[in-house]
Each structure stands twice: as C-alpha cells, then as structure tokens.
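Engineer: Structure in structure tokens, see below.
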Amino acid sequence: MNAAITKSELLSLLEKYGLSPNKKLGQNFLVDENVVRKIILFSQTEGKEVIEIGAGPGTLTVYLAKTAQKVVAVEIDKKILNVLKDVCQNLSNVQIVNSDFLELNVKNLTNNNKVYVVGNLPYYVTSQILFKLFKERKYIEKFTIMVQKEVAQRLLAKPGTKEYGNLTVAMNFYCEIEDYFYVSKNVFYPKPEVDSAVLRARFKIEKPNVDEKKFFKIVHACFSTRRKTILNALSNQLDIAKDDLKMIIHMAGLDENLRAEDLSLDNYIRLYQCFEEGFFKS
Ligand code: SAM
C-alpha cells in the first residue's frame with residue numbers, strides 16, 4: 001500500500017500510469033501528510049461509513065480507511081482510477097465507484113446508516129456538489145469539505161457583508177457549520193492560485209418548516225439584483241403589485257429599503273411566511 005502523500009511519491013505514481021493532473025477536473029492533489037492527517041481527524045469519521053467525493057489518487061482515501069468502518073471512494077476520472085486502485089489494492093474496507101458524484105444516488109451507497117461525506121472538492125463544481133449534498137441530506141449526517149477560501153467565506157458569511165448570498169442562506173437553512181480551518185495553496189500539486197479552507201457541517205435535524213421551492217424562489221428573487229432594495233428586487237422578479245409587496249415586507253417586520261444581504265435566515269423565513277399568508281395560498 002502506498003500512501004501517495006509526498007509530491008515525489010505522487011509524481012512517480014502519475015508517471016507510472018502516464019498521467020498528469022487534469023485541470024478541467026479540478027485535479028489539485030494534496031501532497032502534505034500533516035494536512036491530510038489534520039483533515040481526517042477533523043472529519044470525525046472514526047468507525048463511520050464514509051463517502052469520499054473525488055478520491056483522485058487516494059491520498060485521503062487510505063487515511064480514511066485506517067479508521068472509518070467503510071469508505072466509498074467516488075471518482076469521475078477513469079485515468080486516475082488506475083492510481084486509486086493501485087493505492088487501495090489491499091484495503092478491504094474501500095469500495096471504488098467510478099462516477100460523477102452529481103449523478104449518484106447516495107442511498108444506494110449506504111447500508112441504511114446515515115453516512116459522513118468527505119472531499120477535497122473539485123473547485124469547478126463546488127456549488128453543484130453542495131446543492132447535491134443538500135438534496136441528499138436524508139442519507140448524510142455530516143460532511144467535511146475542502147473548498148476555495150473564498151467559497152468558505154461565502155458559506156460562513158454574516159448578514160450585512162458582501163460575501164453573504166444565496167449560498168450562505170441555503171447553507172444556514174440546511175446545515176450547522178461546526179468548525180473550519182484554512183489551508184495554504186502550497187500543500188497541493190499542482191499549486192492552485194488561491195488558498196483553501198476545510199469546513200465541517202452537520203445537517204440540521206429540524207430544518208425550517210417551509211415549502212423549499214417557494215422559499216428559495218423568494219430568496220433568489222431578493223438576491224437577483226443585489227444593488228437594489230428588496231422591494232425593487234422582488235418587484236422585478238415576481239408578478240405581484242409593488243404596494244402588495246410593500247405590505248408583505250412590512251408584515252414581516254422589515255424595512256423595504258433593506259438589501260438582500262441584510263436579511264438573516266430568520267428574516268427570510270418570516271418574509272416567506274408573510275408571502276404564504278398573502279399570496280401562495282391558492
Ligand atoms: N482527493 C484527492 C486529494 O485530496 O488529493 C483529489 C482531490 S482533487 C481536488 C478533486 C478530484 O475530484 C479529482 O480527482 C477529480 O478528478 C475528481 N472529480 C472532479 N469532478 C468530479 C465529479 N463530478 N464527481 C466525482 N469526482 C470528481
């Protein structure tokens with residue numbers, strides 16, 4: 001078993017299989033054992049069933065396999081799969097799945113337990129993966145993801161800041177972020193342009209009691225034009241008279257001149273409830 005940790009070990013494995021990192025697939029591989037160990041410890045996956053997104057050459061996979069009960073290593077790239085198989089060949093608790101994570105049915109990969117998800121995410125598809133996790137939340141307890149620092153800042157953002165947006169509201173709606181830490185771009189090969197962050201979140205057991213489609217329609221409408229007030233943004237997006245919108249906003253205890261980034265999750269829920277009372281009844 002090769003841990004594929006140092007840069008030279010990774011390079012020799014890539015060379016063995018005639019590969020070079022595929023930029024389009026977001027292949028920036030971890031090459032720092034300390035960071036790998038830190039992520040594994042941080043992920044709290046000991047004794048758990050784990051799904052790893054984007055296993056690549058198996059750098060995290062082999063460490064996860066040491067303590068997790070089972071690891072399902074998902075990887076889209078057939079070529080890097082040869083390295084992954086090589087590295088994991090003696091690990092009986094690793095199942096390799098060659099698939100696009102976005103297309104997977106998470107339920108089929110579990111033994112009826114809620115799984116822990118871990119992944120150094122391919123950055124080109126981070127938001128889609130997050131929304132996929134939200135969609136599959138019934139089967140997931142916690143997830144630990146490595147994302148670009150700037151994405152982490154959006155996920156962690158507080159109302160009233162420029163980083164606060166749709167993604168922040170969705171994250172707060174579904175999850176509680178438990179903890180996070182930043183990682184230097186120097187621990188990857190090839191080295192990406194920006195630093196990263198590792199973030200651990202758990203799905204809320206009781207999420208807000210709303211119709212999600214309608215709720216996020218309102219949230220998206222508010223954020224559709226960030227420079228506008230919520231009144232103007234909603235008026236642009238929804239086929240509802242401005243005076244009625246004003247009334248709903250006031251009913252929610254909000255000022256019509258606020259902007260989307262000023263509203264907390266609770267504000268959005270209250271706004272949704274007022275829409276529900278007034279307009280979504282039929
Ligand atoms: N886990 C390895 C590590 O930490 O070094 C590799 C991480 S690399 C940032 C992201 C990996 O995700 C790549 O191996 C890439 O091929 C894979 N990937 C990209 N898009 C994917 C998708 N839609 N589904 C599954 N894997 C994907």
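Cβ atoms here come from the backbone N, Cα and C positions, even for glycine.
Residues or ranges marked as S-adenosyl-L-methionine binding site in TrEMBL: N28, L30, G54, E75, D100, N120. Annotation comment: TrEMBL describes 35-205 as domain 'Ribosomal RNA adenine methylase transferase N-terminal'.
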Engineer: Give me the count of other Cβ atoms within 10 A of the Cβ belonging to N28 (S-adenosyl-L-methionine binding site).
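Structural biologist: There are 22 such Cβ atoms around N28 (S-adenosyl-L-methionine binding site).
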Engineer: Counting across all protein chains shown, how many other Cβ atoms sit within 10 Å of the Cβ of N120 (S-adenosyl-L-methionine binding site)?
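Structural biologist: Looking across every protein chain shown, the total is 27.
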Engineer: Taking the domain 'Ribosomal RNA adenine methylase transferase N-terminal' (35-205) alone, what is its mean pLDDT?
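Structural biologist: That region's mean pLDDT is 97.
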Engineer: What same-chain residues, at least 6 away in sequence, bring their CB to under 8 Å of the CB of L30 (S-adenosyl-L-methionine binding site)?
Structural biologist: I5, V36, T59, L60, N120, V187, F188
Engineer: For D100 (S-adenosyl-L-methionine binding site), what is the tally of other C-beta atoms lying within 10 angstroms of its C-beta?
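Structural biologist: That number is 12.
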Engineer: Rounded to whole angstrom, what's the largest C-alpha distance between any two of N28, L30, G54, E75, D100, N120, listed as binding S-adenosyl-L-methionine?
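Structural biologist: Site span for S-adenosyl-L-methionine, by Cα atoms: 20 Å.
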Engineer: Using a 10 Å cut-off on CB atoms, tell me which of the binding-site residues G54, E75 is the least crowded.
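Structural biologist: Sparsest of the binding-site residues G54, E75 by Cβ contacts within 10 Å: G54.
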Engineer: Tell me the coarse DSSP state (helix, strand, coil) of L30 (S-adenosyl-L-methionine binding site).
Structural biologist: strand
